[in-house]
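Report on the structure given below.
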Amino acid sequence: MSVFRSFINAQSAFSAQARRAFSTTMYGNTTAAKKSCISPDMLYLQPRWHVQKDQSAQGTGKVLVGMIQKRWNSGSTQPVQSVRHVDFTIEVERALRVLDGAVLVLCAVSGVQSQTITVDRQMKRYNVPRICFINKMDRAGANPWKVVDALRKKLKMHAAALQIPMGAEDNFKGVIDLLKWKAVYFEGADGVNVVEAEIPEEFLELANTKRAELFEHLAEVDETMSDMFIMEETPTSEQLAEAIRRATIANKFIPVMMGSAIKNKGVQPLLDAVCAYLPNPSEVENVALDIKNEEAKVTLSSGENDPFVGLAFKLEEGRFGQLTYMRVYQGTLRRGGFITNIKNDKKVKVPRLVRMHSNELEDVDEIGPGEICAMFGVDCSSGDTFTDGALQYTMTSMFVPNPVISLSLKPKGKETPNFSKALNRFQKEDPTFKVHVDPETKETIIEGMGELHLEIYVERMRREYNVDCVTGKPQVAFREAITEGAKFNYTHKKQSGGAGQYGRVQGFIEPAEIDEDGVDTFFESRVVGGNIPTNYIPACEKGFREGMQKGFLIGHPITGVRMVLEDGAAHAVDSSELAFKIATLNAFKEAYMKSSPVIMEPIMKVDITAPIEFQGTVMGGINKRKGTIVDTESGEDYFTCVAEVSLNAMFGYASEIRGQSQGKGEFSMEYLRHQRVQPQEQIELIKAHQKKLKEDQK
């Protein structure tokens, strides 16, 4: 199921003006797939709305439960979608890029796991405030206080419960609202009747303790609460609610709710909390870059009458053609109107505008700021910015990780137009899927985030475009780097009658760290006095960057280098841009081989979940792959293990863990960093590369 097909199920019950007033909120689960019924990579969107208390009980709560009941089933053991790799992390990035608030759903038994930490890191990247919902309070072993404690320790965030449960496991009756100071029960069919009553005496002591704890944590992050705490004043419920909202929007605090979705307990208060504590579009600062003004930052308004600005954040092949998901940040998007793609300055008409209800479409005439919609008939790529043409603004891009694996790809039999058509289509949909042609072998190379990622696209080519393909052996995205600095003083001289070639360059190279913009390759000219004419300096940089593209050890890209050009010499007749480009390229190669170069390999963070009886076998398999066990946690039936393993050692692991755990174990992978390979492995890689070069020359 598409990540976004389940969003905005309940919008039709509200007016356009009401929908426009609220932001979108993400629902996701970070528990292991076998312990829950939702993959950690599956996200669900829902608009924010304000409702009266009786509507919360009879309307929105029921609608939300209807949307998520199949996915949050506390008793289910079958996941909606099984994902063994975090190869589809771009789906999370896409969602978080356009969201104003999030609900982080945790299991009352499993608590904070490695996937939770990954998603939390992504939320922080986009400054997305969040509420935590502890689900499955009806399960055996449910312990919400263990989860709250893990939020504080593992996510390094102030977190406190706004509710306490009345009972747990089979005796879970409802929750106690620590702000309203009421016991809340959920009665009737589907638990839609919310009944408030006085707090039972048996829970009063715990309620007082947890309300005091809430006050203490708010005092750590909110100045008003801090002053009241020092003065030993007791805050009112209204003051606590205001402080929770301020601290949550500032990303300093996580309010924690709890309940059982399958029994529809705690869902309506969660919706109320979304409205009460997460921001609406007017409270979120969305920034665009003004292309006409050297990409100066511009703060967008949330006014519906201002010039239109929207972001196409996801593409999908629908039954009526390309479906483009759009988040409107400013102004109004209207059916039949014209919008301009800033990337290519192409003006396009919006022939059809729809609001999604699961996999059903509702045609609408217009969409306002803060809303998400879908368009048909608009050709674009994921991440393109659209305006009304009056503005030359572009939205800041989402974080796109670099590919870590590649495959050679060729069609079986004669190549058809569908081959290139499919590859172009997939690149538009997915920024992490990349295609290029190897200049030496002339093979088509596809790159992505993991084996499964690429396997699915190969399968889609067969299924959707009738193109059967043959793939080569997966290739790991190695990198080369230097470990120390080295000087260079190189002269390129070539004479062949008439004008020759002459250029001398002098300087040094040194290791460089990645900067805040993600750049780790730098060229700097310190040439003075005109020893190298200024019009040749760009050619010198071009030679350096050409050398970085293909390393001199195994032919993989070089990273983390700063070249400083200090001096040189030119000839009045023989010097040219080509001469200085060649001189710099050869100078870089010469200095590179003197700077103790190394080969770097991608290291993956591997999260494994399997039945407890297979723990020894599974961890032994990781050790055989030379992995490092970082953390383990054992539950009643399952254990989780976090390890760091070379991607090169992870090929075929999906089959191995199935065999080790009788098909019950699962794992996910996430790129962590590039790390230097062992010296003996580096020697073997260099030998293999040299052997391949000799074979190619035959």
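Here, residue 1 is simply the first one shown, and the rest follow in order.
Quick reminder: no glycine exception, Cβ is built from N, Cα and C everywhere.
Whatever TrEMBL says is automated annotation, not expert-curated.
So that you can see what the record holds, here are the features copied from TrEMBL:
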| type | residues | note |
| --- | --- | --- |
| BINDING | ASN135, LYS136, MET137, ASP138 | GTP binding site |
| DOMAIN | 85-282 | domain 'Tr-type G' |
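The structure, with features from TrEMBL marked on it.
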residue: ASN135; record: GTP binding site; CB count, 10 Å: 29
residue: LYS136; record: GTP binding site; CB count, 10 Å: 29
residue: MET137; record: GTP binding site; CB count, 10 Å: 27
residue: ASP138; record: GTP binding site; CB count, 10 Å: 22
### Task
Pop the mean pLDDT for the domain 'Tr-type G' (85-282) in here, whole number is fine.
90
